[in-house]
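**Q** Attaching a single structure in structure tokens format; questions to follow.
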Amino acid sequence: MSDQKKLRLGVNIDHVATVRNARGGAYPDPLRAARIAEEAGADGITAHLREDRRHISDADIEGLMDVLSVPLNFEMAATDEMQQIALRHKPHAVCIVPEKREERTTEGGLEVAREENVLAHFIAPLREAGCRVSIFIAAEQRQIEAAHRIGAEVIELHTGAYCDAHAEGDFAQRDAELARLRDMATFAHGLGLEVHAGHGLTYDTVQPIAAFPEVIELNIGHFLIGESIFRGLEPAIAEMRRLMDAARA
């Protein structure tokens with residue numbers, strides 16, 4: 001497979017930290033998981049430093065910056081505190097996500113269209129510092145257009161509605177969500193944006209998304225950490241890598 005065709009896999013290690021924090025202490029170590037993910041074929045590592053520090057910690061981000069040989073995709077809310085942390089560490093990529101303290105996981109995409117001026121000023125220093133700025137959004141044309149206007153280089157399309165419809169057996173809705181994702185990936189690519197996708201992807205749902213030629217990167221975490229309980233982290237990631245590559249071939 002040529003480098004041009006290869007789809008990148010970003011492995012999100014947040015929920016290794018979730019398990020660690022359930023008991024306190026240092027085990028299991030997210031940094032060890034990140035190194036295993038690299039060995040298993042991950043092209044990058046994603047970590048979300050939430051405002052409430054419910055899983056990934058500041059020390060984890062510092063450690064990842066020190067040990068990784070692949071790029072770090074630093075997920076964060078659009079707050080002054082997170083901006084300062086990102087500017088201090090200067091990770092390869094920063095993905096701006098919506099965040100609510102009461103949610104279990106990121107429930108939807110960022111409302112870029114409603115906050116264009118604020119977000120444009122927020123991401124400017126990050127871009128000047130050399131970080132690639134990505135915006136996590138719903139597959140909606142108005143959000144994509146707004147992300148483009150504020151100067152984002154990358155968008156990440158929220159695949160949760162597609163994955164949820166598949167899990168619920170609503171295949172008509174699943175197919176409609178898949179078509180919407182495909183159309184919006186094509187639209188974003190036409191604007192010159194780099195297109196990523198993620199949220200809720202599993203072995204059963206990854207290949208239709210991986211087959212979109214406009215999508216350059218998938219970010220997958222919760223499923224892989226869960227599957228690692230049964231088959232081990234390296235084999236779980238290697239199987240996802242295999243499915244992605246097969247869909248792209």
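In case you wondered, yes, glycine gets a Cβ from its N, Cα and C as well.
Straight out of Swiss-Prot:
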{"type": "ACT_SITE", "residues": "H48", "note": "active site, proton acceptor"}
{"type": "ACT_SITE", "residues": "E75", "note": "active site, proton acceptor"}
{"type": "ACT_SITE", "residues": "H199", "note": "active site, proton donor"}
{"type": "BINDING", "residues": "N12, R23, G200, G221, H222", "note": "3-amino-2-oxopropyl phosphate binding site"}
{"type": "BINDING", "residues": "D14, H15, R50, H55, T105", "note": "1-deoxy-D-xylulose 5-phosphate binding site"}
{"type": "SITE", "residues": "E156", "note": "site 'Transition state stabilizer'"}
**Q** Determine the C-alpha span of the 3-amino-2-oxopropyl phosphate site listed in the record, that is the greatest distance between any two of N12, R23, G200, G221, H222, in Å to the nearest whole number.
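**A** The 3-amino-2-oxopropyl phosphate-binding residues span at most 25 Å between Cα atoms.
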**Q** Distance between D14 (1-deoxy-D-xylulose 5-phosphate binding site) and G200 (3-amino-2-oxopropyl phosphate binding site) at the Cα atoms, whole Å?
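**A** Answer for this pair: 14 Å between alpha carbons.
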**Q** Taking the Cβ of D14 (1-deoxy-D-xylulose 5-phosphate binding site) as the centre, count every other Cβ atom within 10 Å, in any protein chain shown.
**A** 21
**Q** Using a 10 Å cut-off on CB atoms, tell me which of the recorded positions H15, H55, H199, H222 is the least crowded.
**A** H222
**Q** Just checking, which of G200, G221 (binding-site residues) has the fewest C-beta atoms within 10 Å of its C-beta?
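**A** If we count Cβ atoms within 10 Å for the binding-site residues G200, G221, the smallest count is at G200.
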**Q** Among the recorded positions R23, E75, H199, G221, whose Cα is within 10 A of the Cα of R50 (1-deoxy-D-xylulose 5-phosphate binding site)?
**A** E75
**Q** Have a look around E75 (active site, proton acceptor) and count the other CB atoms within 10 A of its CB, chains all included.
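**A** Cβ-Cβ neighbours of E75 (active site, proton acceptor) within 10 Å number 26.
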**Q** Return the residue, from the listed recorded positions R23, H48, R50, with the maximum count of other C-beta atoms within 10 angstroms of its C-beta.
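**A** Answer by Cβ density within 10 Å: H48.
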**Q** Under a three-state reading of DSSP, tell me whether E156 (site 'Transition state stabilizer') is helix, strand or coil.
**A** strand
